[in-house]
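> Got a structure for you, written out below as structure tokens; questions coming shortly.
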Amino acid sequence: MLSSPTSLEHLGGLSSLPCKMAWKTCFMLSLPLALMLLFLGTAAAAQGLQVGFYSKTCPRAELIVREETTRIMSVAPSLAGPLLRMHFHDCFVRGCDGSVLLNSTGNNNVAEKDAPPNQSLRGFGVIDRVKARLEKACPQTVSCADILALVARDVVFLIKGPYWQVPTGRRDGRVSIAQETRQLPPSNSTISSLISSFQSKGLSVKDLVVLSGGHTLGTSHCTQFSNRIYNYTGKGDTDPNLDRNYIPKLRAKCAPNDNTTLVEMDPGSFRTFDAGYYTHVSKRRGLFESDAALLQNSQTRAYVLRHARGAFAPEFFKDFGDSMISMGNIGVLTGTKGEIRKTCAFVN
């Protein structure tokens with residue numbers, strides 16, 4: 001469920017606060033929107049989450065997250081993609097419990113953060129900064145898992161993407177195991193394995209193709225797709241599902257065995273949330289095999305082609321918000337389960 005960011009001022013106890021940001025305008029909710037938000041809150045409550053969960057315990061929680069995220073994005077907009085990806089990587093392993101934020105503790109205890117799929121994640125310091133400010137305002141009240149969900153929403157909005165109401169009330173997990181990151185879909189996934197992976201988390205085929213649209217943000221290391229342009233089957237060949245006219249351009253950026261160079265996933269607008277990703281995929285120019293795989297299923301292919309021209313941006317924006325809400329419900333800990341960490345990198 002999407003709404004304008006201004007309507008959030010009337011949730012979570014923020015209605016009495018003055019508007020402090022240039023892009024916010026205070027106004028009262030219309031009855032239809034209020035009813036829609038009530039419906040969303042009721043649906044989320046069934047999962048143990050609700051919009052405005054901190055309205056009494058930490059009324060300024062979402063405003064604090066937004067203010068800090070805005071400051072960070074003003075100086076480091078390239079963190080938008082990594083912070084969105086961090087929420088995804090958290091939810092697909094043990095559910096949305098903040099376990100991706102925990103540090104390894106030694107004694108053969110290697111956490112998710114240090115597993116190969118997560119070693120390229122960036123922005124942990126951003127979460128720590130937001131958490132520190134929330135701890136000053138409301139000690140041990142707002143979970144790290146909720147911070148991840150709120151920051152992901154805010155960075156998308158701040159780079160011209162959609163805005164959705166985030167149901168909150170998640171609690172933090174106490175366990176983080178590197179080996180469990182095998183649940184994360186790798187970049188060379190087939191369409192069948194992608195569908196299976198998403199369905200195992202309670203997500204639909206539509207959620208798969210919609211959330212893949214998040215690749216409109218950020219960059220990738222050459223190592224994630226170099227086999228497609230140099231040695232696809234071990235015979236020095238290239239991936240036939242990759243546009244042959246695009247391969248020389250990728251080779252010009254990525255030398256063989258290049259593990260440092262970064263390539264834009266959505267060339268030309270990798271710092272703006274838009275439907276450009278689908279345009280590249282439709283032209284067989286998605287960087288990953290998992291991108292190309294979206295053309296190999298009738299439902300995902302139809303969605304890619306529909307949005308490839310960018311003519312239905314409002315529809316994609318709404319779909320993305322809805323799918324992010326669904327993803328944010330995966331395996332949540334609520335009530336007396338888990339904990340509220342004082343510091344996101346360590347259990348209490």
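Glycine is treated like the rest: Cβ placed from N, Cα and C.
As the structure is a computational prediction, the values presented were derived from the model and not from experiment.
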> Can you tell which of C138, C144, C222 TrEMBL lists as bonded to C58 through a disulfide?
C138
> Could you measure between C254 (disulfide bond) and G95 (Ca(2+) 1 binding site) for me? Cα positions, answer in whole angstrom.
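Their Cα atoms are separated by 35 Å.
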> Rounded to an integer, what is the Cα-Cα distance in Å between R85 (site 'Transition state stabilizer') and H215 (heme b binding site)?
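So the Cα of H215 (heme b binding site) lies 9 Å away from that of R85 (site 'Transition state stabilizer').
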> Which one is closest to C144 (disulfide bond) in space, judged by CA to CA distance, out of the recorded positions H89, S99, H215, D266?
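Sorting the recorded positions by distance from C144 (disulfide bond), the top entry is S99.
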> Cα distance, C96 (disulfide bond) to D90 (Ca(2+) 1 binding site), nearest Å?
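Rounded to the nearest whole number, the Cα-Cα distance is 6 Å.
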> Residues near the Ca(2+) 2 site, T216, D266, D274 excluded, by Cβ within 8 Å of the Cβ center?
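Filtered neighbour residues, in order: G213, H215, L217, M265, S269, F270, T272, F273, A275, G276, Y277.
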> Taking the Cα atoms as reference points, how far is H89 (active site, proton acceptor) from D97 (Ca(2+) 1 binding site) in Å?
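Given the Cα positions, H89 (active site, proton acceptor) is 11 Å from D97 (Ca(2+) 1 binding site).
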> Expressed to the nearest Å, what is the distance separating E112 (Ca(2+) 1 binding site) and C91 (disulfide bond) at their Cα atoms?
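With distance taken Cα to Cα, C91 (disulfide bond) is 12 Å from E112 (Ca(2+) 1 binding site).
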